[in-house]
Amino acid sequence: MSERTLVLVKPDGVQRGLVGEVISRIERKGLKLAALELRTVERSVAEEHYAEHKDKPFFGDLLEFITSGPVVAIAVEGVRAIAAFRQLAGGTDPVEKATPGTLRGDYGLETQFNLVHGSDSPESAERELKLWFPDL
Ligand code: RTP
Ligand code: MG
């Protein structure tokens, strides 16, 4: 059954010229792009996007980072799209958790600067897609 997930290429990924690489891996996996936009995130949107982390010690740094430059937001569609993109991304810590062959494992060094976001459940995907692509 087809589903949709929200992917973000975070400011570090855009800055480093990795947008094409992220899109390429999504397409090679067999997933489709349903919507795509380069956007600078407003603080209020960033707060809502990462609301689950509002009491974490890294929340302030996370908001600073995600609003520090443009991101590329992508609605990705396909069979098992949510889990499939999380597989492509790799674990949150690019060195300790993400393995080589994943985006974070291949290109990341620090947990904060881990290149991409992907929705982590059907509920998150629905909430995040409404926030980023209300007209989709
Ligand atoms: P994301 O939401 O961005 O897809 O990442 P994730 O599910 O793999 O990880 P999550 O636990 O949701 O954390 C969200 C983002 O916050 C930053 N973070 N920094 N300094 C730290 O200890 C720390 N922990 C998390 C990362 O950018 C992470 O992707
Ligand atoms: Mg997350």
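Placed from the backbone N, Cα and C atoms, the Cβ positions cover glycine too.
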T67, T92: which one does TrEMBL list with K10, F58, R86, R104, N114 for the ATP site? T92
Taking every protein chain shown into account, which of the binding-site residues T92, N114 has the largest tally of Cβ atoms within 10 Å of its Cβ? N114
Counts of helix, strand and coil residues, the domain 'Nucleoside diphosphate kinase-like' (2-136), according to DSSP: 59 helix, 30 strand, 46 coil
Would you mind sorting out which of K10, F58, R86, T92 (the binding-site residues) have a C-alpha within 10 A of the one on H117 (active site, pros-phosphohistidine intermediate)? K10, R86, T92
Distance filter, Cβ under 6 Å of ligand 1; input recorded positions K10, R86, R104, N114, H117; output N114, H117
